[in-house]
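Read the structure below first, then the notes.
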Amino acid sequence: MRLTVEADRGHVHAEEPENSRLLRVCDRGLAPSRYWTLLRTQEVTPTPPTGRARLSPRGGSGDGAAGRQLLLLLLLLLLVGGLSFSTRLYNISEPPQVCWDETHFGKMGSYYINRTFFYDVHPPLGKMLIGLAGYMSGYDGTFPFIKPGDKYEHHNYAGMRAFCAVLGSFLPIFAYLTVLELSQSHTAALITAALLIFDTGSITISQYILLDPILLFFIMAAVLSMVKFNQQRHRPFTASWWLWLSVTSGGFLETSTSHWSTLQSTSWLVFSGLILLPLLLYVTIFAIHFVVLNKSGPGDGVFSAAFQSRLIGNNLHNVSMPEYLAYGSTITVKNLCFSGGYLHSHWDLYPEGVAAKQQQQVTAYLHKDDNNLWLVHRQDHNESQSGTPDLVRHCYIIQLAHKETTRNLHSHLYEAPLTKKHFQVTGYGINATGDTNDLWQVEVCGGRKGDLVKVLRSKVRFRHRAAVAFFSPLARLFPSGKSNNHYSDLKGGWEQQEVTCSPYLKETPSSQWNIEDHINPKLPNISLSVLKPNFLEMFLESHVLMIRGSSSLKPKDNEMTSQPWHWPINYQGIRFSGVIATQYRVYLLGNPVIWWMNLACLGMYLVMVVVASVALQRGFTLDQRRMEHSHVLKRGGGLLLLGWIIHYAPFFTMDRILFYHHYFPAMLFSSMLTGVTLDVLLQNTDLLLRLPYSHWLKRGGQMLFLFTVLYSFYLFHPLSYGMTGPLAHEPGSAMAGLKWMDSWEF
């Protein structure tokens with residue numbers, strides 16, 4: 001550093017070397033790679049110590065250069081946006097029938113319009129937006145969405161599809177802006193946009209009433225916001241800093257790892273912007289969800305009785321019943337585990353080959369039914385015939401008699417039909433006759449001697465007096481229907497669950513029950529309105545059920561599922577609509593040329609990073625342009641590689657059911673990484689050839705890329721926009737010769 005004197009100002013200052021000036025310019029928010037590029041082209045004038053980096057193009061003012069850059073950006077965004085919207089909105093109303101998972105998410109949109117409560121394992125925002133789009137576009141919520149293939153007829157479904165397509169159309173735009181920020185290269189951004197615009201899988205996933213385009217929209221918006229916020233990290237508390245702080249949560253990690261001192265000095269603000277604001281929005285969405293859905297609907301039986309009591313039309317809404325359990329009462333008993341059913345029995349007996357084959361079946365049934373009703377008796381059946389009945393307390397002995405068949409709830413030391421290590425539970429005796437194996441001790445969880453059993457609020461267990469075991473439902477299911485010829489170990493589904501008596505005395509939700517309905521004309525009633533849960537209780541209960549529901553999505557026996565390693569290689573798609581030649585067929589499959597290019601560029605990226613890192617480690621001298629490319633690969637490309645890993649690798653650890661469309665978030669990051677990798681590769685053709693041949697090679701590579709993407713889209717676009725006529729393996733098919741893998745089903 002050299003000291004110089006300004007005679008006209010009469011003071012001394014240090015003349016900065018170029019590297020110090022670079023650091024100061026970066027602190028003003030200009031990326032280092034961008035600064036060196038502009039400096040080399042004389043679009044930035046090295047500044048005095050007290051000044052800013054100034055845009056000063058050759059032959060013009062800084063404002064003029066900035067204006068031209070802005071105009072170029074706007075023109076390219078118009079090009080990208082025009083192509084993206086046109087490919088997504090084209091033929092949006094075809095086919096005019098329910099396609100794939102529209103049967104679920106279209107139905108849920110209808111529930112919001114009709115204000116009907118339902119249960120789902122996903123948070124509500126996406127389905128709320130679908131319902132809002134349908135309502136705003138004139139859909140009345142009356143279409144039943146029963147199964148794929150049902151005709152929409154006169155119902156206005158196009159608005160919901162168009163809404164999803166519009167959100168899907170923003171994906172190439174967001175990707176373009178993200179890559180432009182990370183690489184400072186319009187070429188890399190255009191390569192990325194082309195990959196997403198002309199990918200048949202991205203088009204198909206955006207054109208239907210699904211959660212996927214909504215999810216992908218918010219993922220890309222968050223990524224872009226994170227990158228934008230990172231650009232503002234040296235300008236804290238400015239308007240743009242607050243803007244990007246408010247719309248991103250992913251930027252928190254980037255800020256903490258890039259500038260620890262900034263994180264320390266503004267930690268409470270970062271916490272407010274990145275944690276409290278998203279959390280407040282998340283909670284607000286659930287509040288709206290509970291307010292809008294105030295009518296009883298499918299799946300509300302999964303929730304607690306107190307939760308159901310707030311739903312209009314539910315049998316527990318605004319009803320009155322006795323507060324405490326008593327002898328002589330008629331009750332229903334509901335299990336507290338996820339998807340726990342009601343204790344249930346019917347006239348059918350256990351079949352041949354099962355212990356106690358002539359005794360009555362006892363199951364857990366997931367729906368309300370008269371066969372769920374049970375009578376509470378003393379062990380000697382000596383209930384008071386007049387006056388107030390005796391109340392049941394913690395550790396009291398009872399008998400439960402099935403109201404419809406009069407059989408007693410019974411267990412013995414015979415093994416259960418399906419769960420061999422547990423004891424069988426049956427219906428035994430008739431009209432109050434039975435034996436000591438019909439006796440059960442009521443235990444209030446966490447209770448003490450003398451505690452009363454509260455309806456809806458007490459968690460109770462039933463201990464068998466002879467076997468010293470608790471009865472509970474299991475995930476094992478009896479076959480559907482009434483053919484008692486055999487039992488098979490079926491998992492999942494909505495058939496009736498096996499109820500057994502478990503000798504393992506652990507206090508788990510499967511052994512805990514709740515008294516739901518309670519009828520006893522000799523006891524005073526209380527209104528269930530006093531038991532309605534508050535918002536926090538509903539919020540927590542819904543999340544517990546969502547987590548349990550998601551973890552229970554296991555593949556059923558012989559069910560076709562997808563494996564994570566299938567996805568990057570485009571091994572198998574999904575039929576959205578139609579199967580045979582006479583049907584309108586849509587098949588979800590990524591453009592194989594693009595997907596395989598992404599996979600190849602992933603490997604190429606790793607090689608390029610290793611080569612650049614080794615070169616620097618070995619002390620090779622790289623010119624400034626190579627240093628910029630190395631910076632883009634490691635910083636920008638590294639962030640995109642991390643995004644791909646985060647959105648892909650966890651699926652290898654999941655034992656839930658998986659599908660091909662789960663890869664699309666990772667595919668977005670893979671495409672952005674391809675844009676950065678190909679651009680840096682083509683920018684370094686001068687390592688192979690000297691000018692002008694290297695320039696020709698670069699332009700030739702870019703044109704070859706564009707031709708390959710466009711021609712592959714031309715070949716495979718019927719997958720997205722619909723196929724009719726012969727199948728791919730039949731003569732005369734529009735897709736003849738394009739079934740490159742036997743696993744493709746179009």
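Every residue gets a Cβ built from N, Cα and C, even glycine.
Keep in mind that TrEMBL annotations are predicted by a computer and have not been checked by a curator.
Here the structure is a predicted model, which means the values were calculated and not measured.
The region 'Disordered' feature in TrEMBL is assigned to 41-61.
As annotated by TrEMBL, transmembrane segment applies to 70-90 (among others).
Annotation comment: TrEMBL describes 128-146 (among others) as transmembrane segment.
Residues or ranges marked as transmembrane segment by TrEMBL: 158-177 (among others).
The feature transmembrane segment is assigned by TrEMBL to 208-227 (among others). Residues 99-102, 105-106, 109, 122, 125-127, 129-130, 157, 160-161, 164-165, 167-168, 170-171, 174-175, 177-178, 181-182, 244, 247-251, 254, 576, 639, 643, 647, 661, 664-665, 668 of the same chain lie 6 or more positions beyond the ends of the transmembrane segment (208-227) yet place their CB under 8 Å from a CB of it.
According to TrEMBL, the feature transmembrane segment maps to 268-292 (among others).
Residues annotated as domain 'MIR' in TrEMBL: 322-379 (among others).
What TrEMBL lists as domain 'MIR' is 389-445 (among others). Across the domain 'MIR' (389-445), the prediction's mean pLDDT works out to 88.
The feature transmembrane segment is assigned by TrEMBL to 593-616 (among others). For the transmembrane segment (593-616), same-chain residues at least 6 beyond its ends with a Cβ under 8 Å from one of its own Cβ atoms are 195, 198-199, 201, 568-570, 622, 626, 629-630, 633-634, 637-638, 641, 644, 667, 670-671, 673-674, 676-678, 680-681, 708-709, 712.
According to TrEMBL, the feature transmembrane segment maps to 637-654 (among others).
Long-range contacts of the transmembrane segment (660-682) within the same chain, counting only residues at least 6 positions beyond its ends with a Cβ under 8 Å from a Cβ of the stretch, are 171, 175, 178-179, 182-183, 185, 187-193, 195-196, 199, 201-202, 205, 212, 215-216, 219-220, 562, 564, 566-568, 572-574, 588, 590, 594-595, 597-599, 601-602, 604-605, 608, 629, 632-633, 636-637, 640-641, 643-644, 647-648, 651, 697-698, 701-702, 705. The transmembrane segment annotation in TrEMBL covers 660-682 (among others).
TrEMBL lists 703-721 (among others) with the feature transmembrane segment.
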Annotated stretches the transmembrane segment (158-177) and the transmembrane segment (703-721) touching (3 or more Cβ pairs under 8 Å) = no
Would you kindly list the residues that approach the transmembrane segment (128-146) from elsewhere in its chain, counting only those six or more residues past its ends and only Cβ-Cβ distances under 8 Å?
-> 98, 102-114, 152, 155-160, 162-164, 209, 211, 214, 285, 288-289, 292
Within-chain partners of the transmembrane segment (703-721) [C-beta distance under 8 Å, separation at least 6 from its ends] = 90-91, 94, 191, 194-195, 198, 200, 203-204, 207, 573, 586-589, 591-594, 597, 678, 734-735, 738, 746
By a Cβ-Cβ criterion of under 8 Å, what residues six or more beyond either terminus of the transmembrane segment (637-654) are in contact with it?
-> 182, 219, 223, 227, 254, 564, 567-568, 602, 605, 609, 662-663, 665-666, 669-670, 672-673, 676-677
Secondary structure split (DSSP) over the domain 'MIR' (389-445) reads 3 helix, 27 strand, 27 coil
DSSP-derived helix, strand and coil totals, residue by residue, for the domain 'MIR' (322-379) = 3 helix, 27 strand, 28 coil
